[in-house]
């Protein structure tokens with residue numbers, strides 16, 4: 001057994017070999033959107049491989065509070081949509097939990113609804129910047145009240161008649177882009193969003209699949225008001241952000257081979273593969289296909305020696321969520337790895353630049369903060385020690401990977417944070433472990 005429960009936290013012991021075939025849970029971004037768009041659509045939407053993490057369950061809970069009927073059996077969800085013009089004013093506060101996606105996308109939809117709603121979340125959500133969404137929504141005509149002039153949750157939004165805008169986003173953020181486009185569906189005229197570089201495009205792909213005439217070219221996407229959505233069948237691919245932990249583990253483990261099946265291969269999300277390939281990873285893409293507008297494939301990973309690289313610019317939005325585990329890989333690569341243009345990491349569930357660097361240092365790695373990223377000097381081994389997730393699901397799982405690779409293993413506090421996006425993470429680790 002490689003992972004032992006302790007009275008406080010868990011003990012992760014080093015592992016020398018892995019073997020097997022696994023499927024990671026459904027993609028978090030796509031699960032959120034499938035549920036939300038299903039609730040906005042006319043007719044039934046049937047979702048398979050829905051992610052059962054806490055974040056996506058928060059989206060379903062908010063939809064129910066708004067009057068949307070749905071049924072779930074394990075990872076299969078049926079949503080009986082009646083169009084979001086039939087949503088009603090919630091009798092209670094909408095609690096998004098830890099989900100920034102739920103908060104920001106829901107604000108976009110509610111901006112065009114003729115009633116008032118209040119949204120809040122946990123302490124992490126209440127400290128994350130919302131002005132990047134609330135300001136353009138206010139420009140479109142929504143009334144939003146919140147802490148520090150609507151910059152932080154709790155937020156109360158009074159929706160109504162909206163006017164389309166041409167919005168140039170200061171950040172490459174799929175959540176910002178999606179919120180404005182969703183508001184644009186209920187706005188007069190055309191709404192256009194241009195990003196500094198392209199963020200993940202699940203919203204654009206799925207809105208088209210639900211029947212919306214959405215046009216996109218380069219870094220710009222636009223919709224016209226009045227578009228109606230129709231219920232669809234949505235087969236959610238495995239989440240490449242969840243697969244990333246196993247890609248790094250399979251690359252750096254001394255022996256073994258791992259096949260990860262049905263992984264989403266959206267080109268706006270495959271930065272982790274590009275980075276690992278540049279570092280020298282042995283990862284093969286098999287059985288490439290497309291289903292429900294999203295490419296997917298199987299990934300076969302074998303051990304390899306990695307070397308340091310520089311990661312910056314347009315590559316960053318494609319791997320922003322994978323930086324914690326990529327930093328673990330960099331700590332065991334030959335030479336130096338530098339990650340820049342990633343200041344967005346400072347306003348995630350934690351300040352991920354700070355927490356990743358401090359965590360790596362505590363495990364014996366040579367890492368330092370940059371204003372917009374990290375600098376990591378790789379070594380032949382990682383000592384191990386004590387680590388804490390700080391309530392951040394990506395950190396929790398990155399430190400498990402580090403513990404499995406470290407000489408002394410690690411003691412980890414806060415593994416329960418992984419429930420947000422990967423409820424069966426430790427089960428899959430046990431499944432592929434070979435003593």
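Using the three backbone atoms N, Cα and C, a Cβ is placed for every residue, glycine included.
Marked as active site, proton acceptor by Swiss-Prot: 321. Here Swiss-Prot flags 28, 29, 33, 173, 175, 321, 348 as 3-phosphoshikimate binding site, drawing on sequence analysis. If you look up Swiss-Prot, you'll see 28, 100, 128, 175, 352, 394 marked as phosphoenolpyruvate binding site, on the strength of sequence analysis.
Overlay of Swiss-Prot annotations on the structure.
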| residue | record | DSSP class |
| --- | --- | --- |
| 28 | 3-phosphoshikimate binding site | helix |
| 33 | 3-phosphoshikimate binding site | helix |
| 100 | phosphoenolpyruvate binding site | helix |
| 128 | phosphoenolpyruvate binding site | coil |
| 175 | 3-phosphoshikimate binding site | helix |
| 321 | active site, proton acceptor | helix |
| 348 | 3-phosphoshikimate binding site | coil |
| 394 | phosphoenolpyruvate binding site | helix |
Proximal residue to residue 128 (phosphoenolpyruvate binding site) among recorded positions 28, 29, 33, 175, 321 (C-alpha distance): 175
Cα-Cα distance linking residue 394 (phosphoenolpyruvate binding site) and residue 173 (3-phosphoshikimate binding site), given in Å to the nearest integer: 18
For residue 33 (3-phosphoshikimate binding site), the number of other Cβ atoms found within 10 Å of its own Cβ: 26
Binding residues 28, 100, 128, 175, 352, 394 (phosphoenolpyruvate) - maximum C-alpha distance in whole Å: 19
All-chain count of other Cβ atoms within 10 Å of residue 173 (3-phosphoshikimate binding site): 21
By Cα-Cα distance, the member of recorded positions 100, 321, 352 nearest residue 33 (3-phosphoshikimate binding site): 100
Least Cβ-crowded entry, counting other Cβ within 10 Å, from the binding-site residues listed as 29, 175: 175
Among 28, 128, 348, 352, 394, the most crowded of the binding-site residues [Cβ within 10 Å]: 394
Distant-in-sequence Cβ neighbours of residue 100 (phosphoenolpyruvate binding site), under 8 Å, six or more positions away: 125, 128, 175
